[in-house]
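Report on the following structure.
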Protein chains: 2
Amino acid sequence: MNETSISGMKRTHMCGELRLSDVGREVTVNGWVDRVRDNGGVLFLLVRDRAGIVQCTFDKSVNAGLFDVAFTCRTEFVVAVRGKLVARDEAAINRKMPTGEVEIVAEELRILSRAETTPFEIDDSKEVGDQVRLKYRYLDLRRPSMQRNMMLRHRVTQVARNYFDEQGFLEIETPMLTKSTPEGARDYLVPSRVHPGKFYALPQSPQQYKQLLMLAGMDRYIQITRCFRDEDLRADRQPEFTQIDLEMSFVEQDDVIAVNEGFLQRVFKEVLDVDIQLPLPRLTWREAMDRFGSDKPDTRFGFEIRDISDIAANCGFGVFKGAVESGGTVRLINLGGYADKFPRKEIDKLADFVKTYRAKGLAWMKVAADGTMTSSFAKFLTEDEIAAIKERADMHENDVLFVVADASEETALVSLGALRCELAKRLGLAKKDDYKLLWVTEFPQFEYSEEEDRLVAKHHPFTAPMDEDIPLLDTDPAKVRAKAYDIILNGCELGGGSIRIHDPALQTRMFEALGFTEERAKEQFGHLITAFSYGAPPHGGLAYGLDRLCMLLAGLDSIRDVIAFPKVQNASDLMMSCPDVVDAKQLDDLSIAVTREEKDAEA
Amino acid sequence: MNETSISGMKRTHMCGELRLSDVGREVTVNGWVDRVRDNGGVLFLLVRDRAGIVQCTFDKSVNAGLFDVAFTCRTEFVVAVRGKLVARDEAAINRKMPTGEVEIVAEELRILSRAETTPFEIDDSKEVGDQVRLKYRYLDLRRPSMQRNMMLRHRVTQVARNYFDEQGFLEIETPMLTKSTPEGARDYLVPSRVHPGKFYALPQSPQQYKQLLMLAGMDRYIQITRCFRDEDLRADRQPEFTQIDLEMSFVEQDDVIAVNEGFLQRVFKEVLDVDIQLPLPRLTWREAMDRFGSDKPDTRFGFEIRDISDIAANCGFGVFKGAVESGGTVRLINLGGYADKFPRKEIDKLADFVKTYRAKGLAWMKVAADGTMTSSFAKFLTEDEIAAIKERADMHENDVLFVVADASEETALVSLGALRCELAKRLGLAKKDDYKLLWVTEFPQFEYSEEEDRLVAKHHPFTAPMDEDIPLLDTDPAKVRAKAYDIILNGCELGGGSIRIHDPALQTRMFEALGFTEERAKEQFGHLITAFSYGAPPHGGLAYGLDRLCMLLAGLDSIRDVIAFPKVQNASDLMMSCPDVVDAKQLDDLSIAVTREEKDAEA
């Protein structure tokens, strides 16, 4: 037998699950040495596996040979320990460890694998730089927090698959080697060896395939699938990410929402043991923008936006009056009860904050706890105007109003929306374990693209318009609202979807409204247009960002922490050292040549 | 309201699930018009959904307006029908349809979508060419047989996920954008925009990642994941295919086998309602080769191979004698009880068959039902030799022996192995619903590569050798057997795996045996070698080909029929028309240029 074999020393229990009720048993555990403590003649090996850590004791006076073997163990050695589980003395109980009331009195020890000194300690309490963590990701993943994150993610996908299975959804795999679409984000391309000069693209989403599956009569489809976007990475973006993607036939918006509310309720219950009340609140996009300055409103706190344009329209403060006169607006939020947290100096810094959202400045008015009022603009206003604003803002002692006036309604709303979130964060009002879910509906069908100087689809060209807005397609397309919906959690978009157009005549009108010529529509979506001509069921769906969902459920700030092997900002994998150069023969096989090469310093 | 809206006409039942017990109910169904039958004044619309087909009747004398609308319906129109479910008259009962005892007397009909004439009928009884099927895959998938295939595949993955979850496996996603490895099959490459001149590779399997997850302490991993190989396609190969991939820590071969036997038993029970007896039979690779001439033995039938080299060694038949003298072998199979199916002319054709497996010829000996013996070689043998062969072959009336003599043992075995399968197929003895599962174990660690003129890893360089064969690594590596195992169903490999080397010292010896210099090992597997130095648990795993598993469970001959959107032989997707040319800007962004272009005729 190989001396590092597990034969005869297989675990009877996971380390982390041993309890007082197991005392007296002969047990074997397998795992990594988490720590070694030498107590002069008695050695403690703390052995760690996925379930937790248990203490194993080696007493020199009882078995010197065994003690000596244990003495050679260092952290991260892989060991198998057999022994008797005993209750610890009262004084030795460790209340911080779930196994802290017991320990294994070792009778046999096998070292399955030795370990070099690791580049960092496997310890959640130690801060480690991201570069090192990712280079040695297999060590980083040994940390109990990362193991919990992976287990949570597993649980979420398991709940999703079981729930949607119960609801009649079929898991169907769609291709990864597919066709490049010029619209939308940049594609990752894959050169074809068999077809020189031609390329596959990795999917940005299975959107077209899932609609084709509905045309194919599959009725209800789900897939948890990898998607790819070759975009410059932000903190919470990865070149490859995972969607829970689904589509249903013979449904309207309410049906899609209902089935997904059931899913969310199940996930929160099974993963976090949190009860979510249904139905979830819904806000139209218009209401979300007006009240929260965002299409992803965070409703864990108040500070809703109010409109004082009517009061400010004729006031003596040029900034307010001018904004309204140029077709703009004056809006405010009331940070009720927190005026004392914001001295003048802080407020001035907030003006810089809103400027990053294009606001030109931030006016304010404050009533101290003793009733004293200070303001950046009150001196220009009449007493009546001030009173009207106070009433509109429901202003009391220790309140502070922040006002943005702008010729662009969007700028005023978005900058105040960002400000309310920033202030809530600073005040500690955005608690991670306070889960506020809601739907945003009735999104605009189109948005204006400055780059292309035309209306483009806000979602995609197959999104159905609201029935009552169909006539506006020809007369005032910018006003058309879509049967599109997003699910929001604590100010983050968890997912979004829409009811799709299933009527070819309406689809043609939609392409016209988007300025597509018939040829261009055919070129880009020919196979879909043909497909729709053979009998299309009404259908709609939704896709969740799984990485973000897991991140929020785990109470984390980065999706990297819920992805086993993530890429860094420049899309590299530090552990695998990729992307990398390849053999000339590989490129020749693919009929491509490299036209520019990265200098290694940039790597 | 939009006139093609589903509003107010949502199904109460699936078409295919209506039964006599539902009679009297007001029901609504949604689906595709499968057929229209006009019975002079009474029109029958057969409406189809994923669950089946139900008949809806429209009586002109009862409601002429409704009848007229129904009369405009053609096949593949999408409709919603509301009406009362009634029992059919005895004479009208259709025993072939699960819903054949009932019909819906229509009271309302809404046409949700019209349909052009489809390029082929949606009918399992009609043969349709592969090219057309795949171009209009969304129509092909409407066929009840294809819908069943997709539902079976869904069920298989669902069973896998639930079973392995119960067994403590975590589903963990591994990257799709990874590093090219020069060994093995050809990689699909993905150019990097951020790192000009560098490339990702799509994974051929998550082998390295799953081992890293074991080093990371994840203990038990499963993933149902896409893999990619840029190989020339055979009938049952696809450029992208799906594996059920798993790995376990702190285990030996028997543990991996036991957990997977549980899975197979569950799949057969839940998907096919077939009971599989455990434990499954096991054959060593040597035994499989000797008895069945294959490392994927089909044990649904006998005709096992027997060795008559000792009898033939000194016989008067030069072919036999010569084979043994040159270090070769003489083997036979006995097609017991089927001699009458193989007249002389048929046997001569079989000689051509074994020649495609490199055999030089096929000798035979036949005893007719009346005891008459005929043979291609008996005249050269003594009576004793013939008697000895008959005894060895357990030969009786109506038996026929097929004999291959060859200087290469492998050629003799493989050609007879192929012959026994071919004969069983012709005799109808290889029944698709007769499920014979078994393990093949103790594979050779190495195989000889003619191309490289050296031993190469038969599985991969991380496969552990059998403990008792470790000393042979230095003395006689060709004899080393591996802790590798394949699971075989009816002569097809469903999956395979191995116990991995977890001891860095043994891994170094393995690289040496494979002729890797230290530099080369480091260059190719440096991150893995480093990873193993920080404490590696004993581990092993297995991967199933999901496409093939589903194909066999569904009793099909092509994996295409269990893949929603497969590629054809030349790796194209006929529906999406990809791969395809892309914009010059896209290539420039990626710092690559095309060096050869496909002529469109080749596309």
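Each residue, glycine too, has its Cβ placed from N, Cα and C.
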Report summary line: ATP binding in TrEMBL involves A:Arg229, A:Asp230, A:Glu231, A:Glu493, A:Gly545, A:Leu546, A:Asp547, A:Arg548; of A:Gln223, A:Gln238, the partner in that site is A:Gln238
**Report entry** From A:87-90, A:207-210, A:251-254, the residue range that TrEMBL assigns the feature region 'Aspartate'
**Finding:** A:207-210
Requested in this report: Taking TrEMBL at its word that A:Glu183, A:Arg229, A:Arg500 bind L-aspartate, choose the one of A:His154, A:His396, A:His459 listed for that site.
Outcome: A:His459
Report task. Name the secondary structure element type, per DSSP in three states, that contains A:His459 (L-aspartate binding site). Result -> coil
**Report entry** Rounded distance in angstrom between the Cα atoms of A:His459 (L-aspartate binding site) and A:Leu546 (ATP binding site)
**Finding:** 19
Query raised in the report: Which one of these binding-site residues has the most other Cβ atoms within 10 Å of its own Cβ: A:Arg229, A:His459, A:Arg500, A:Arg548?
Result: A:Arg500
Query - Neighbourhood of A:Leu546 (ATP binding site), C-beta criterion under 8 angstroms, separation at least six - result: A:Arg153, A:Val156, A:Thr157, A:Ile224, A:Phe241, A:Thr242, A:Gln243, A:Ile244
Query raised in the report: In the region 'Aspartate' (A:207-210), how many residues does DSSP put in helix, strand and coil?
Result: 4 helix, 0 strand, 0 coil
Report summary line: Rounded to a whole number of Å, the separation of the Cα atoms of A:Arg229 (L-aspartate binding site) and A:Arg548 (ATP binding site) comes to 16
Report task. Could you tally the C-beta atoms, other than its own, that fall within 10 angstroms of the C-beta of A:Glu231 (ATP binding site)? Result -> 14
Requested in this report: Run through the Cβ atoms and count how many others sit within 10 Å of the one on A:Glu493 (ATP binding site).
Outcome: 15
Query raised in the report: How many Å separate the Cα atoms of A:Arg548 (ATP binding site) and A:Glu183 (L-aspartate binding site)?
Result: 24
Query raised in the report: How many neighbouring Cβ atoms, not counting its own, are there within 10 Å of the Cβ of A:Glu183 (L-aspartate binding site)?
Result: 12
Report task. Would you mind giving the whole-number mean pLDDT across the region 'Aspartate' (A:207-210)? Result -> 96
Query raised in the report: Should A:Glu493 (ATP binding site) be counted as helix, strand, or coil on the basis of DSSP?
Result: strand
